[in-house]
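The signal peptide annotation in Swiss-Prot covers 1-25. Swiss-Prot lists 35, 66, 67, 68, 69, 70, 91 with the feature substrate binding site, giving similarity to another entry as the kind of evidence. For 37, the entry in Swiss-Prot reads active site, proton acceptor. What Swiss-Prot records for 51-110, 65-121, 83-136, 90-98 is disulfide bond, and it gives similarity to another entry as the kind of evidence. What Swiss-Prot records for 145 is active site, proton donor, and it gives similarity to another entry as the kind of evidence.
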């Protein structure tokens, strides 16, 4: 009987690890970057609820309230071109694969309000024109992580 229980527990463990493992070591991808940050062709919207709508529509608040997110209102080509700028150390980590835009871009910063609790994620919306810093990987280099605005 003990051996049977051990086998069942082992089988469940293998099944759970099969579900969890792919996301553990998963590297950021250009698809994730696009889903979380790109909003080309859309001018910055001054509606105070636009962040709430975009975060939900893009599935960014599917499992929890993300504290901060930034949407880029520029063409994919313009953002991709940032990867050809001089390489630098990222602002939010010690990674050295970041690049800073040479000009300002239209962005929308979404910041979680302090009183907000999942699943009712509530964000403040701030439209800006700032330089951005992104991490790029691959050959050719493509954006995979939004690092900061400066």
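The backbone N, Cα and C atoms fix where each Cβ goes, and this holds for glycine too.
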### Query
Taking the Cβ of residue 66 (substrate binding site) as the centre, how many other Cβ atoms fall within a 10 Å radius?
16
### Query
What three-state secondary structure does DSSP assign to residue 110 (disulfide bond)?
strand
### Query
Of 51, 67, 69, 98, 145, which recorded positions are close to residue 37 (active site, proton acceptor), meaning a Cα within 10 Å of its Cα?
69, 145
### Query
For the recorded positions 51, 68, 83, 121, 136, which one has the sparsest Cβ surroundings, going by other Cβ atoms within 10 Å?
68
### Summary
From 51, 83, 90, 98, 136, 145 (recorded positions), the ones whose CA sits within 10 A of residue 66 (substrate binding site) are none
### Query
Between residue 91 (substrate binding site) and residue 110 (disulfide bond), what C-alpha distance do you get in Å?
19
### Message
Checking your reading of the structure: which of the recorded positions 65, 68, 83, 110, 136 lie inside a 10 Å Cα sphere centred on residue 145 (active site, proton donor)?
### Response
136
### Query
What count of other C-beta atoms do you get within 10 angstroms of the C-beta of residue 91 (substrate binding site), across all chains shown?
13
